[in-house]
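Heads up: the structure comes next, in structure tokens.
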Amino acid sequence: MSPSGHENSQPSDVAIAQAHQLEPIADVARRAGIPVEATVPYGMTKAKVTVGKLAQSVQKGKVVLVTGMSPTPAGEGKSTVLIGLVDGLVLAGVKAIAALREPSLGPVLGMKGGAAGGGYSQVVPMEDINLHFTGDLHAITFANNALAALIDNHVQQGNSLNLDPRKIVWRRCLDVNDRVLRNIITGLGGNGGGMPREAGFDITAASEVMAVLCLARDLADLRERLGRMLIGYTWDNDPVFVRDLGVEGSLVALLRDAMSPNLVQTLGGAPALIHGGPFANIAHGCNSVIATNAARELADVVVTEAGFGADLGAEKLTDIASVAGDFAADVAVIVVTARSLKYNGGVACGGLNEEDVEAVRSGLANVERHCASLRRLGMQPIVAVNKFVTDTDAELATIKEWADDHGLRAAVANVWGEGGAGAADLVAEVREALADEPVRTATGQSGTARTRIYDPQAGVEASIATIAHDIYGAEQVEYSKQAGKDLAQLKRHGWDTLPVCISKTPYSFSDDPSALGAPKNHTLHVQRLIPKLGPGFVVAITGTVFTMPGLPKRPAALEIDVTNDGTITGLF
């Protein structure tokens, strides 16, 4: 079996990608309507796009969101379906662009793999995209850690801001899964080593700098957001911000080039903008608003994705990213697999390739809950069955019959095996749904007003309760003792009316990853409330979620190698 769960009846993802003849990126840019002066090539097959040099269109493109049901640990192929859908739209004569997140090296070297699609539905050059790409994540990592160094140096060099070393909240980050760095002691080695204190690392995808870059609309907005990031508190418990340290200018300089979206192509030749990479379980899970809005200037249809299931990524796209970027997705393609239905229906991972119609039928309760959530978020759901070679006709028929009974548009997509041609039925459903929807912004331009599902002014507790009840199916919310202290701190400083970004397991509607299917009347356990003032939200940590993941027993890194001629192998 391949990492995606498909049998190896065709070449590996990397072999397919390497056998493909890529077009020069200048040709891809020209076909997308990107002028030469807005294109900054990174070699022959990648480029940065200077968004400020794009022509402003009168009619912005419509946005299609690709989301999913609650996944198996291997993932259900949202990126694969998204890329195949874009290629299928282009084959049908639609001017379409993909807007995707950049893969993190943590999952690439760990368990889940990359985010460049799979089979004959990929963005290329996939090796570059999955390994370093244009260096954006490294720039974010460096800016994050440079700030950490500047904070510690300030304390060492006189501490004129009166920072309490025990209350420095800024954490370092790395784009790797490394559990031993979650909690550490820094400053050892005597007076010359700085002030000893407890510290820790997050993965870069969870860095506040990542969230800021993905929500900032331009360099001026980036500067303002970086300046208001919280770095700690004084001995009198007053907040200290990056602007107090006076280093926001240097952080903008480090991130200047990383603010420009990256242009690549699909195997079908369609343009794709890849930019930003926050996870949806520990961050807000959407590509940059700059990339999405640039795509809306260039195309009639923009297909974007939000991480994990609709309970996480789709909610955060609606309540966080769409508000920051002033756009709205009206149609949501929810990716469903027979494997995940069986998993949510009670089948263990080892038995997911065996036919089990009853488990599929049982697992559809999970899809029904996600579809209800999407409607609550203001989007029209379309069920896309990502076909695996182990799926049986009976299982697929069960899914289609259920969708018909519930009045849902549905289509089987075999994009892994056929590329855009395998998305023809899905393309037809998406085009028909889009014809019924006006182009909208988050504030409701040209259509019914679209707002968050909660009112932040009601307070963090009320916002979390609304999401917990309306999206997760929870009966109540409980706060740990530490979360209670966090809440008091938020109220003291006037931060309790910020939007919320809930950090939760992706495998369940609850905070218990073993509670599969569609659990209801459960309790959501909030462990921490962490203000992230740069992006402008409060992160609510629930359950046992870690912002620095660990590696599995057998990491994917063990399979990756390079031949003597420089060809990368073993990458999915």
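One-based numbering along the chain as shown.
Backbone N, Cα and C define each Cβ position, glycine as well.
Summarising the annotation, TrEMBL assigns ATP binding site to Thr72, Pro73, Ala74, Gly75, Glu76, Gly77, Lys78, Ser79.
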Other C-beta atoms that fall within 10 angstroms of the C-beta of Pro73 (ATP binding site): 12
Which listed residue (Gly75, Gly77) has most other Cβ within 10 Å, given these are binding-site residues: Gly77
Fewest-neighbour residue among binding-site residues, criterion Cβ within 10 Å, set Thr72, Ser79: Thr72
Candidate with sparsest Cβ neighbourhood (10 Å radius) among Ala74, Glu76, Lys78, the listed binding-site residues: Ala74
